[in-house]
Amino acid sequence: MMSFEEEQLRDHAVVNLYRIGAIRFGDFILSDGKKTPIYVDMRLVISCPDVLQTIASLIWRLRPSFNSSLLCGVPYTALTLATCISLKYNISMVLRRKELKHPNQEDKIKVEGLFSPGQTCLVINDVIASGRSILDTAKALEDEGLNIRESLVFLDRQVGGADALKEAGIKLRSVFTLEELVKALLSKCQLSETDAAIARTLLETF
């Protein structure tokens, strides 16, 4: 059962993400080409330390019971989240490079930081859609000998990402599903009439 403190953190996150414009309603196209009436832009939280820390706390509450000595944020939006979690909870972090540091050398560096093969690493992300970015990050980490068992995210858009991760042997844990987020927006935020109408229509699709 959710604690009162966690409920407060969730409410704070939703209200403030909408307030700063990180959650918007309208007509948007995702990176995979699919259309959506709601867009969540977590890049804006870097300018709002209190919101960033709230989201980091919510994500960290999802952590599994087994010991994980490392975490890695999916580049690039989740790097700030991962860094915040690392500093707040004193857990080591590694960095996956999307662009290789030495592309013309044999010793191409894919993962930066101090780690040893066999360690377990949690993959942190802000939003999951198809799951491709998490899977790409997991593969880079596994290529270096790290074990990837779970991924923690703020929002699951519920468009197949969790199933894609499951097929790869990775369990997904999310603070919100898209359905839960929309319900929270309707109950906790003072949405404009237009946004509220879009939110109610979106809920009917779940």
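From the backbone N, Cα and C atoms, a Cβ is placed for every residue, glycine too.
Features as listed in Swiss-Prot:
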BINDING   Arg97, Lys98, Lys101, Asn125, Asp126, Val127, Ile128, Ala129, Ser130, Gly131, Arg132, Ser133  5-phospho-alpha-D-ribose 1-diphosphate binding site
BINDING   Arg157  orotate binding site
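Feature map: annotations from Swiss-Prot on the structure.
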residue	record	contacts (Cβ under 8 Å, 6+ apart)
Arg97	5-phospho-alpha-D-ribose 1-diphosphate binding site	Pro75, Ile109, Lys110, Val111, Glu112, Ala140
Asp126	5-phospho-alpha-D-ribose 1-diphosphate binding site	Val40, Met42, Val74, Thr77, Ala78, Leu81, Val153, Phe154, Leu155
Ile128	5-phospho-alpha-D-ribose 1-diphosphate binding site	Ile134, Ser151, Val153, Leu155, Asp156, Arg157, Gly161, Ala162, Leu165, Leu172, Ser174
Ser130	5-phospho-alpha-D-ribose 1-diphosphate binding site	Asp32, Val159, Gly160, Gly161, Ala164
Arg132	5-phospho-alpha-D-ribose 1-diphosphate binding site	Asp32, Ala164
